[in-house]
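Novice: Features from Swiss-Prot:
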- 1-16: signal peptide (SIGNAL)
- N32: N-linked glycosylation site (CARBOHYD)
- C57-C97: disulfide bond (DISULFID)
- C85-C146: disulfide bond (DISULFID)
- C174: GPI-anchor amidated cysteine (LIPID)
Amino acid sequence: MELSLVVFTVVCWVSVWSDDRIISDRHAVYWNSSNSRFWQGEYTVAVSINDYLDVYCPYYESPQPHSRMERYILFMVNHDGYLTCEHRMRGFKRWECNRPQSPDGPLRFSEKFQLFTPFSLGFEFRPGHEYYYISSPHPNHAGKPCLKLKVYVKPTSSGYESPEPFLTDQSQRCGADGPCLAVLMLLLVFLLAGV
C-alpha cells in the first residue's frame, strides 16, 4: 500500500513537472527616450508563444514641467510602417501612454503572444514571424524621436502550427518517448503485480 502511494505521488509530480514547460516568460520594455536600447534603432525582443511583453510607459515621481514629460501613442504596424516610422501605413493604435504622473505608478500594457485569442481586441501571433511597434509622440509633443520595437516570435519545436494549439501541441502532453510514459508504465506494472 505504501509503495502504491509513493508511485502515485511520483506520477502526480511528473504530471506537474511536464506542465512546467508551459510557463511563460515576461519581457519588459521601458518605452521612453532615455532607454538606450531604442537609440540604435534596432531594439528587438525574441518571444515564444504564450510569453508576455510588458510595456511600461514614461513615469515621473517628482513634479516636472508639462513639456518635459514624455507621452506616446503606440501603434502596431507592418514592416514598411516600422522602417519609415509611419503609423498610417496599415497600422493601428495599440496603447496610449498619456498619464506620466499616475498616482498608481507607471502605466503598463501587456501583450500575450498566443496563437488564438478569445478577445475581440486581442491579436493572434504566428511562430517565425516578426511584429512591429512604433510610437508617435502625443500630439502636444511633436518633434520627439520615433521609438520602434521589433518582436520576433520564435518557431516552436513542432512542425505544424494549428490555430488551436490544444489539438496539436505535443509539448503539453506526455509523448511516447518522454519520462511521463515510463512512469505510467511503471505504475501499471506495480498495479498489475498487486504491489
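Cβ from N, Cα, C; glycine included.
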Novice: Measure the Cβ-based neighbour count of C57 (disulfide bond), defined as the other Cβ atoms within 10 Å of its Cβ.
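Specialist: Neighbour count, Cβ to Cβ under the 10 Å cut-off: 24.
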Novice: What whole-number Å value do you get for the CA-CA distance of C85 (disulfide bond) and C97 (disulfide bond)?
Specialist: 17
Novice: Go through C97, C146, the listed disulfide-bonded residues, and name the one with the sparsest Cβ surroundings, counting other Cβ atoms within 10 Å.
Specialist: C146
Novice: Give the sequence-ordered list of residues that share a chain with the residue listed as 'N-linked glycosylation site', lie 6 or more positions from it, and have CB atoms under 8 Å from its CB.
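Specialist: Long-range Cβ contacts: C57, P58, E70, L147.
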Novice: Express the distance between the Cα positions of C97 (disulfide bond) and C146 (disulfide bond) as a whole number of Å.
Specialist: 14
